[in-house]
Amino acid sequence: MAENLVVVPNGGPAPDYGGGLTFSVVMSCLVAASGGLIFGYDIGISGGVSEMEPFLKRFFPHVLKRMAEAKKGDSYCIYDSQALAAFTSSLYVAGLVASLVANRVTRVLGRQAVMLMGGAFFFAGAALTGAAVNISMLIIGRMLLGLGVGFTNQATPLFLAEMAPPRWRGALTCGIQFFLTLGILIANIINYFTARVSWGWRVSLGLAGAPAVVILAGTLFLTDTPSSLMMRGQADRARSVLLGARGGLSEGVDAELKEISRTVKAALESEDGAFRRMTTKRGYRPYLVFAVALPVFTQLTGVIVLSFFSPLVFRTVGFGSDAALMGAIILGAVNMASLLVSTLVIDRYGRKVLFMVGGVQMVIYQVAIAWIMGTQLGKSGESAMARPYAVAVLVFTCLHSAGFGVSWGPLFWVVPSEIFPVDIRSLGQAVNMAICLGLDFVQTQSFLAMLCRFRYATFAYYAAWVAVMTAFVALLLPETKGVPLESMDMVWTQHWFWKRFVVQDEAGKSADDAET
């Protein structure tokens, strides 16, 4: 039975190793978090380019024909094209593969090397899509972008969680979502201006190379994390890095490094078979559940596909091209504002409060969007929506997105990066990102068809899932605010449900062993 246990050292309060926000750790985390720019830029640029008429005329002329017929047809189905959806979704097939490969590469080469590889792949993809002359070049370029997203998104959250002081870990890890949202906003602004010229889509796609240069140049000046260095046998360098990150507090550094060393040693002794342990051992059950549940639920908020296709959704409800792109800019600005609120309060009020508040907000406004679209466009989609109702859809979409911005948006990066023990941390993050990117592919490939067939009920569908996931988090997610990564196991042993799986060890003897 002992092999099924995840053991924690004690049942007391989580240790405080000291160390505040130093210049070194802030700059390191900002540079690493800028990896979110490449994912955000891609999310923002894809939907805007997909509704630019010169782009559609060159690659998807059948969609233009359907748009011309929309005045006498079905507004819900204007953009129902599997080829157009594949332009967006192809990135995520490559991203899924890259995130799984990055699990092994990250353990062998470290977090920094994987972020560099991600930036290089994304730069190559940007160059190819910007120069594309046919769909094949377009899709291959998108797949290179996907490799960049997969590598970067696997390594960056781990880097931030391992480098940040426990009391600031939530806010600093939110940096990924901040830069992701900034990337979306920048892309929407670029789309708004480039849509006015026939070759503007090339500028929009090619400028994806700019955030790739940012992450490439910045990562060159980073050092790897203490945990990653210890995993690769570089103890002296790990201490030096940790000392710099914690502001020279050697007493706290030595205690923290000792705990890192203990957890890394245990991880190395059981390095082989991490996937088997995570998927079959009873003591790892909560980690498996959340490695799967968090990315699945994040996708089922509906915000991801709305971020991709917001210009198309706004066109569906009656906005013109420029107005739809401006609506996407407004949506991006609201996302930025809500994320700043989340960053300020995440380490004060904790993770669960934000999940609850954001979940309730998302349910209310998705139901409102479904009601307006159902009553105004009708079941057939042939009715015209009055301008006040179209504006209301924009407002409710922004409020729904704001709920996501204070909850599931940043917490999707924060919670997985901190809950996994070190022996499966890289694997857990890889599984988390692989599922996320796999579902990104499914959602982006199917959303336009889903909108065509489910119509306004598409938004009610997402609202129902948000209600389910909010209840799930309320019941099953332990609070992780301020807990050092090396002591994270104790939050599971004290949880009303998970304590039956993760058994606490006191004086070398587990409670389960005592019972048996």
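Note that Cβ sites are derived from N, Cα and C of the backbone, with glycine treated the same way.
Given the structure is predicted, the values throughout are model-derived calculations rather than measurements.
Per TrEMBL, domain 'Major facilitator superfamily (MFS) profile' is recorded for 28-481. The average pLDDT for the domain 'Major facilitator superfamily (MFS) profile' (28-481) in the predicted structure is 84.
Marked as transmembrane segment by TrEMBL: 21-41 (among others). Counting only same-chain residues 6+ beyond the ends of the transmembrane segment (21-41), those with a CB under 8 A from a CB of the stretch are 111, 115, 118-119, 122, 145, 148-149, 152-153, 155-156, 159-160, 163-165, 168, 172-173, 175-187, 207-208, 210-212, 214-215, 218-219, 221-223, 244-247.
Within the chain carrying the transmembrane segment (83-102), a Cβ under 8 angstroms from the stretch's Cβ atoms is held by residues 42, 46-47, 50, 56, 59-60, 63, 114, 118, 121, 135, 138-139, 142-151, 153-155, 308, 430, 433-434, 437-438, 440-442, 444-449, all 6 or more beyond its ends. Under the heading transmembrane segment, TrEMBL lists 83-102 (among others).
As annotated by TrEMBL, transmembrane segment applies to 114-133 (among others). Within the chain carrying the transmembrane segment (114-133), a Cβ under 8 angstroms from the stretch's Cβ atoms is held by residues 32, 35, 38, 98, 102, 105-106, 140-156, 159, 202-203, 205-209, 211-213, 215-216, 219-220, 222, all 6 or more beyond its ends.
According to TrEMBL, the feature transmembrane segment maps to 139-160 (among others). Using a Cβ-Cβ cut-off under 8 Å and counting only residues 6 or more beyond its ends in the same chain, the transmembrane segment (139-160) has close neighbours at 28-29, 32-33, 35-36, 38-39, 42, 86-88, 90-99, 101-103, 105-106, 111-112, 114-115, 117-130, 132, 169, 172-173, 175-176, 205, 208, 212, 215, 222, 225, 228, 413-414, 416-417, 425-426, 429-430, 433, 436-437.
As annotated by TrEMBL, transmembrane segment applies to 172-193 (among others).
Feature annotation from TrEMBL assigns transmembrane segment to 199-222 (among others).
The transmembrane segment annotation in TrEMBL covers 287-312 (among others).
The transmembrane segment annotation in TrEMBL covers 324-346 (among others). Residues of the same chain lying 6 or more positions beyond the ends of the transmembrane segment (324-346) and with a Cβ under 8 Å from any Cβ of it are 44, 47-48, 51, 170-171, 174-175, 177-178, 181-182, 184-185, 188-189, 191-192, 195, 306-307, 310-312, 314-315, 354, 394, 397-399, 401-407, 409-411, 414, 481.
Sequence-remote contacts of a segment are chain residues at least 6 beyond its ends whose Cβ falls under 8 Å from one of its Cβ atoms, and for the transmembrane segment (353-374) they are 301-303, 317, 342, 345-346, 385, 389, 392-393, 396-397, 399-400, 402-408, 411, 455-460, 462-463, 466-467, 469-470, 473-474, 477. Per TrEMBL, transmembrane segment is recorded for 353-374 (among others).
Among the features that TrEMBL reports, transmembrane segment is placed at 389-415 (among others).
Here TrEMBL flags 459-478 (among others) as transmembrane segment. Residues of the same chain lying 6 or more positions beyond the ends of the transmembrane segment (459-478) and with a Cβ under 8 Å from any Cβ of it are 289-290, 293, 297, 300-302, 351-352, 355-356, 359-360, 362-363, 366-367, 369-370, 373, 408, 415, 491-492, 494-495, 497-498.
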